């Protein structure tokens, strides 16, 4: 007999009710379903689901009248609970409350119908793991859907949904979510609670941005945001370490996203945007990339750093404004497909372009060996060449305004690294992943142009006061160091927009941060911060992202709820009791609302 209790759903005549003779579902199908636990009614032109389907495991079947012997071969009373029900490609306009009469359902597929609503009782299907509702006319979902906490796969594509409530964050076991082809204008920050999500499709909506909290989805492998209205990608997207496929086609992007932590990214699709420039900073971390699609953009040239993509197999540059190619492109060992149609290439003969990728790469390789007037041959090292200079990309300094001396495991930055700047304006400095115990004093040489500095993954214990001379700084990354405080002189950084202090040794929130009104992002997770001053925090009127997760905060001040500029507030992993976890998983808006409700009146 079934393991599910049915008493609550059985009426007094259930045992004597006969299945209707005019049921549009063949009796043989129902009989087989009782044995197999599966029923496929797809493509049968149904305008409604017969009651006999919902009551499949409740009513006494017809064969009971014909055979009541316990010794019979057809043991009709030994039925299996229905676990899989397929109703796709019919003409259903509604699903009745009786759907709750199938509590053992694991798979429910109702795609390609005419549904405009669902009953709230769908939330009673506690065993449901896969719910397919695509290609219908749904404008919203009942609250019952968000009670399906065992759900692993939810398909809602091709509907008319305009908003997803923050209750989405309750579906913590989801590993696949498809919201494509709807009318969504934003996504709730509670999406970040879906820590098991592997595949997320948001394509073909009206999204202008992604919630910063999306960076917390550490298991996400595929993200599709194609055909939206996004002009930029939040920097925190770079923290998605498991991402393998990223689709950003048909948006309004002007630059490739910087993805320094996406070490496993294999496919990056950015076609049909407004990208004009490719910079070394966008390419150097994409070591695992096998496919880069940039067709139908406005790219004018390829940097020499394209050769950093040693795993690249396919490069699509169709319909851009490229007039020449770096000869180093021919040295990429795995490149099998290079699409260049629709570019004003003048330096390469047309007949060569028609011979295919292999011949073109062979030609480019042959040009690498030509004399320096081709601009490609490296200058030989001499006895006067310092070892550190051999590691510096001078081309990046001059053309990309980037000084990169990262991942060298050096305890100091040699002077000749700064000498290589040679008066050129530098906007980006990356000294991360070394063994630095102090900030190089010559960093102030770059004070007139430096906007972004990365000193993460070192052994810094202090930040010098003369850091305040870097008046153009907009972004500081100090993650994974040994810092316990910041100097008050940093309040002079009037252009600073983001600071990353995660994985240090702060025991209190740095007082100076309250005095930098330009701040938009503060990430100080995984420290030992014991509390925050909500009144001072409110003075940061531009602050939109505040990550305080994994600290020692015992009490969250209710006044923090008045920081209405916050769009992403991360508090998980702290020892406080309130707000409770049930509030936290609902997202930033719910947390702020809860905190405001606790303010004494």
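Here the Cβ of each residue, glycine as well, is placed from N, Cα and C on the backbone.
Pulled from Swiss-Prot, these are the features on record:
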REPEAT    79-101  repeat 'LRR 2'
REPEAT    102-124  repeat 'LRR 3'
REPEAT    171-193  repeat 'LRR 6'
REPEAT    194-217  repeat 'LRR 7'
REPEAT    219-239  repeat 'LRR 8'
REPEAT    266-285  repeat 'LRR 10'
REPEAT    286-308  repeat 'LRR 11'
REPEAT    309-334  repeat 'LRR 12'
REPEAT    336-355  repeat 'LRR 13'
REPEAT    397-420  repeat 'LRR 14'
REPEAT    423-446  repeat 'LRR 15'
REPEAT    518-539  repeat 'LRR 19'
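With a threshold of 8 Å between CB atoms, the same-chain residues lying at least 6 positions outside the repeat 'LRR 3' (102-124) that come near it are 2, 4, 37, 42, 54, 56-57, 81-96, 130-148, 155.
Averaged across the repeat 'LRR 2' (79-101), pLDDT for the predicted model comes to 95. As a quick check, the repeat 'LRR 14' (397-420) and the repeat 'LRR 10' (266-285) clear the bar of 3 or more Cβ pairs under 8 A, pairs 6 or more apart, so the two touch. Applying DSSP to the repeat 'LRR 10' (266-285) sorts its residues as follows: 4 helix, 3 strand, 13 coil. Outside the repeat 'LRR 10' (266-285) by six or more residues, the chain places 226, 244-260, 291-303, 305-306, 308-309, 316, 393, 396, 400, 402, 404, 428 with a CB less than 8 A from a CB of the stretch.
Secondary structure by DSSP for the repeat 'LRR 19' (518-539): 5 helix, 3 strand, 14 coil. Mapped onto DSSP helix, strand and coil, the repeat 'LRR 8' (219-239) counts 5 helix, 3 strand, 13 coil.
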